[in-house]
Amino acid sequence: ARSRSLFLWDDGSPMRFYVRPGLAKLRVAPLVLAGGGRLCRVQEPGAVLLAQPDEAAPGGAVSTEYVTECVERNQRLPLEPFRLPAAPHAPPAAAAPRGRLPFTEEEDAALVRAVRGRGQARASGRALWKELERGGLTRHSWQAMRDRYLRHLRPLLGEPPQTEECAQSTGLFEAANREFESTESGSDTSDISEELSIQDGEGKFPGETASGLKTGPEDSALPDTQLQREERSTSTCSSASVVGEVVKTIQHFMEKFGMDLFTVTQAFLKNSGEVETTLYFLQTGQRLDGYPVWNRVDDLELQKDDDCVRNKLIAKFGAENVAKRVAFRKS
């Protein structure tokens, strides 16, 4: 088995490496981290400077073959045999203009590869970029990498732009929905009432609006043609103002009840995104109208084109709630 302490000094401290952004870094970084080493975002005193064998490297640089050789032999080797000859002395270059550190082509390519396959919602957030900064992907801060990708690289790739709030809200609901759909719901009664302390309040959220989260019909007598139009709607973010209301409402509930993001978001999912109903549910563990909350099994039944199954759901949740759930799942 590969040693997890491969790149530790004799005193147990991790070896620190710096390698310029590019293909070489993408190749050796996982090996260094798996062996207990660390990568520096910028060249630091005491860090081992890695360079490719055919690269014009400054004096004291070590070939990237050092890392691969250590891994192949599964032991830490001495650095000296892998030292590269110093590049010929070049005349002093003109002073670089002051300002922000420019991105190189290698760094741009590294950003595109790092984001590929992770979803545009993550690219618009912060966690991904902080993770890439910790891994030393480029010489830049996570804010600079995020700005570079969203403003310059993503448009070149033909990706449709997303507002930050819209992307964060979409990613939040996607993540919570994945957890909701993977959770086995054996009963209709949530255990959330046992996990929270009931707080005083009138059960109303001042100035609350259902436009951001209540995606179902406004009244119980909804014509079939309108319901069909709502079912065909697949928009996840109707406008920046609506998304802003959603985010503020979720944040308010998190602060009011001292709950984490997933708990509050899943409460909305169980209550078809209705603000007032979700607020009451978080306070009491029950729905305001006395009906049970939705679970994954109910949603699977709802997808069946079976009048008998649909009638059972109507008997369980009421016709209005079934219509709202259909619209909510399509939204």
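Cβ atoms are placed via backbone N, Cα and C, with glycine included.
Listed in TrEMBL:
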- 11-82: domain 'BRCT' (DOMAIN)
- 103-155: domain 'TERF2-interacting telomeric protein 1 Myb' (DOMAIN)
- 179-235: region 'Disordered' (REGION)
- 254-329: domain 'TRF2-interacting telomeric protein/Rap1 C-terminal' (DOMAIN)
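Across the residues of the domain 'BRCT' (11-82), the predicted structure has a mean pLDDT of 91.
Across the domain 'BRCT' (11-82), DSSP assigns 24 helix, 13 strand, 35 coil. Taking DSSP states H, G and I as helix and E and B as strand, the domain 'TRF2-interacting telomeric protein/Rap1 C-terminal' (254-329) has 53 helix, 0 strand, 23 coil.
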